[in-house]
Amino acid sequence: MDKLEGQDPVGNRDTSSASEPTIFFTSKDMESLQDLEKGTDFETTSEDVKGSWNGADDPKDPFNWPTHRKTTMTVLLSLGGLVCTMSTSMIAPALNQISIDLDMQPSVMQLTLSIYLLAFVFGSPIIASLSEVYGRKPAYILAHVWYILWNTLCPINKSKGLVIAGRFLSGFGGSVSIALAGPSVADIWKADKRGRSLSLVQLAPLLGAAVGPIVGGLVAEHIGWKWIFWIVSAFDGTLLVLYALFVQESYAPVLLARRASSRRSNTEKEGYTQFDPTLPMKLLATRPVILVMSFLMAYNFGAYCLALSTFASIWTARYNQSETVSGLHYIAIGIGSTIATQAGGPLTDRIWAHLKTKSHGKVAPEYRVPLLVPGALLIVTDIGAAMFSGGVMMSSSSIVAYIIDEFGEHAASANAASRMLSNVMGFSFPLFAPQLYKHLGHGWGNSLLAFLYIAIGWPAPILLWKWGAKLRAVGRKN
């Protein structure tokens, strides 16, 4: 297969990855695997083999699931992402109320808001690695249970320490959507629908940027800030029940291992992928393409989180608006993000299909790069919140699609690795925002951020289009 390709010859299954999973089998399994390597597209060659699909039309293959099942799963995963993004910004309109109630200094209050994102740095790699061993569904269930526990405990007894610790620990569970949403839809939707599927799974999370502060402002003003946490926990509890009922395991290696286990008898050790929580770090260290993507996504996400954390304070502090009214201004961010991703998803599929036809059936992750161009331009050419958020999300969606195309079965670990720096930036940018705007004001402060992005973001699409294939080849194991 041409190394530029991110799919198998028929475009059904991602095959290029940083390294093959470490799997343990019996001697018969190893002989059968050698036979399988000579075949194509997971054809079954023996009854006593590592699980394999019964041809291209096997109904157990997630790619062949009914459309309604795949759509239901995608929508539920999207709603799970809504919880993640709501939690990021839901207390922003209530910061003044919380700081007075808990006697917090402004710097501590800003830390309380941002520390949720710091947990993503540690949670995403662990969750991604677990999902590539035990499956996506167990990872989702465990993460949501963990989130509900700590998010519910945050406001109890009005303790500063518990609020900060609860925000951090709930972020571990909340990071599941960041780690797995993109790879999960890639499990069930083929590459030619990747743009549409990513835009659908990102729809609710993007709305969360607007819904979170609006809900937070309304709740804080009318029934108290503590209920912000408890209402979101109740919503996620409902989602957890729906996940248990309707979310199916979709990770092909786990499904195949289960099939193998059901076919074998008198086997002491069934096939499994070895748990390696350091895999995202290894990919980050050995695959330069992830590092490049990480830098691009990090600045995007950092600036976005800075905007989310400071947007409400502009209206409450400078214009004396209530928490409810200040939260309504986040609608602009939600509208911009939604329009950009919902239009960009189908557009990236069209571009991908056009470039595939033009190259006589060959495909490459670079076919996702064109949508980086308008994304980069929108971020700095209009100061409107809608245009800004739309540019950020369009660029980020293209980067995620690029990573999924390249890393195949290890897309979750690669995605988590690429987002580690993003999460650090998302945590740290809001912390220096007060000093930035104090010294430069909002106008020049935002202009400085824009100028920095010109230097970082504008050259990226050209460099990836021209040298992306060579960059991806570095560190790849054959």
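Every residue, even glycine, has its Cβ placed from backbone N, Cα and C.
Among the features that TrEMBL reports, compositional bias 'Basic and acidic residues' is placed at 28-41.
The domain 'Major facilitator superfamily (MFS) profile' annotation in TrEMBL covers 73-472.
What TrEMBL records for 1-64 is region 'Disordered'.
The transmembrane segment annotation in TrEMBL covers 75-95 (among others). Same-chain residues lying 6+ beyond the ends of the transmembrane segment (75-95) with a Cβ under 8 Å from its Cβ atoms: 109-110, 112-113, 116-117, 140, 144, 147, 151, 170-171, 174-178, 180-181, 184-185, 200-209, 211-213, 215-217, 219-220, 225, 228, 232, 235-236, 239, 242-243, 246-247, 305, 308-309, 311-313, 316, 323-324, 326-327, 330, 426.
Annotation comment: TrEMBL describes 107-127 (among others) as transmembrane segment. Sequence-remote contacts of a segment are chain residues at least 6 beyond its ends whose Cβ falls under 8 Å from one of its Cβ atoms, and for the transmembrane segment (107-127) they are 87-89, 91-92, 95, 98-99, 139, 143, 160, 163-164, 167-176, 178-180, 277-281, 305, 309, 413, 416-417, 419-420, 423-424, 426-428, 430-431, 433-434.
Residues 14, 73-74, 77-78, 80-81, 83-84, 87, 108, 111-113, 115-120, 122-128, 131, 136, 139-140, 142-151, 153-154, 194, 197-198, 200-202, 205, 229, 250, 400-401, 403-404, 411-412, 415-416, 419, 423 of the same chain lie 6 or more positions beyond the ends of the transmembrane segment (164-186) yet place their CB under 8 Å from a CB of it. As annotated by TrEMBL, transmembrane segment applies to 164-186 (among others).
According to TrEMBL, the feature transmembrane segment maps to 198-215 (among others). Sequence-distant contacts of the transmembrane segment (198-215) (same chain, six or more residues past either end, CB-CB distance under 8 Å): 71, 74-75, 77-79, 81-90, 92-93, 177, 181-182, 184-185, 228, 231-232, 308, 311-312, 324, 326-328, 330-335, 337-338, 341-342, 344-346, 389, 393, 397, 400-401.
What TrEMBL records for 227-246 (among others) is transmembrane segment.
Annotation comment: TrEMBL describes 289-315 (among others) as transmembrane segment.
Taken from TrEMBL, the feature transmembrane segment applies to 369-388 (among others).
The transmembrane segment annotation in TrEMBL covers 448-467 (among others).
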Model confidence over the domain 'Major facilitator superfamily (MFS) profile' (73-472), averaged pLDDT: 81
